[in-house]
């Protein structure tokens, strides 16, 4: 770390011993203040800079478990303060996907510069991205201490939030929303349940958990497994009664037998995951050019090489080298002793996180919905966590005295048409605290495709009222009705530069923390300072050891034996890397010269360029139909090992 940081750290260390005497600050946070996390500059970012904080918070002192966060302050305040905690899936995939490819204020360009994301979720909400479980992304832990169960992960997140709100108390009373996608369909309900339980404990300041948002979520494994064949038929990937279909249906029978033999409560079942793997393998067109052989499991409109989606999304080719740049690592306050580069998904984390003792979140989601408003959303072109599985799950769930979207016995809430700026955007359906949104012509990562539409969804769900701040609302209608003015129209991202006066007030509040007790407790401070120096030095040595211990697994990720989800797309690439023994940083060159994706990747980059919905919502495009239709002949079987 640059020498300019030495003075603040020395000052922090002197205060460390004194601050540990404060009841709200645990020993793991001794010596840390907001100033240590403040991002003074960010390479490639446009001016003026957004207000951001980033760094590590310790959640497991015994095993040196630290979670990395990146926080953006909201650019405008509507009627109330809100914070959105965003989590990506995997398990073991970094939430920097969400920060730099989906809902965050910046997108990374090919030249390494950042540009504003027109549609970022920080318009009216503070955004908090966390790499979790420990070991994911920039987070770290001793390599013999990866988590294995969902309850462990949820407990770490509660510890993280306790300490984070201790550092940033001005956000503790915000309305809190937890959002994410994919395997976060397990993470989010588990974390929400832990927060609800914590809020009921005596002496705790309740956190205002106001809502959950889960996109293309892995919530009900059974419903997802049994959705693969219907989805393949509905979208022309496979023809009923074909030899291909018979082989895949045989795999489904094996899956059902496994489920009936005790697999109904498993978070992942390998024999059932094989259904999708077999469909992808059977539908490969090996006569096509290399980058157009396989359907992309994350967006069936696209095709990829034999990995069936691991080269997607295309922005990853720019994000990975950006997050490995030394100046970016320094700006984000990453421990300088960390020798391995950022990885989107960590196979060591997912390999340990088998959740064998955990029940699927669908088992208790019906108990959460009455307490916490919940929104599920699906991109209709995603295969791996497709909308059919989500809809089956909703239909089968019972909560608040009804089943599915019943409003009265036997009468279901209507599915409403949603239009955005004159285009058919999707459908809305809601009843008894649950909302379900389908995005037409969208992938596994809906905000990657439609950032502004997802922000409109978020603002509607949060009940944002922009009338107090002015601005022109976007033309968003549900069944033709505009409803409340909830989302601003199309404009480049503004910044909080003009609102720095409020920031100055907050900084003044923290100066008061530093001065607190300095006159009355001078002697205590001096004595405690010596102890703080000792802790500071020993912690630096301890951290260095932990990072070095983590090297063995970074960049050498074996084929997964269970649930893949976001990790699945990198199985083949990681098995190739496992045979090589070289420094992780050499991967920068590999990613910079990565293979070009197949048909459709470049043409789907702009929200305004998406094709509008028509009567054949769930059909493939012309090219994909032809390729899928020609693959009914005998194919080599394969799958994950």
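Glycine too: its Cβ is placed from the backbone N, Cα and C atoms.
When 118, 614 are compared with the annotations in Swiss-Prot, the one labelled N-linked glycosylation site turns out to be 118. Swiss-Prot tags one of the stretches 474-494, 495-515, 516-536 as transmembrane segment, and that stretch is 516-536.
Among the recorded positions 118, 433, 441, 444, the ones whose Cα is located within 10 Å of the Cα of residue 382 (active site) are 441, 444. Cβ environment of residue 444 (active site): 181, 182, 216, 297, 298, 299, 379, 382, 384, 385 lie under 8 Å away, each six or more residues apart in the same chain. Mean per-residue pLDDT, taken over the topological domain 'Cytoplasmic' (537-641), amounts to 36.
The Cβ of residue 382 (active site) has 26 other Cβ atoms within 10 Å, all protein chains considered. Cβ neighbour counts within 10 Å, taken over all protein chains shown, single out 182 as the most crowded of the recorded positions 118, 182, 433. Of all Cβ atoms in the shown protein chains, 23 besides its own fall within 10 Å of the Cβ of residue 441 (N-linked glycosylation site).
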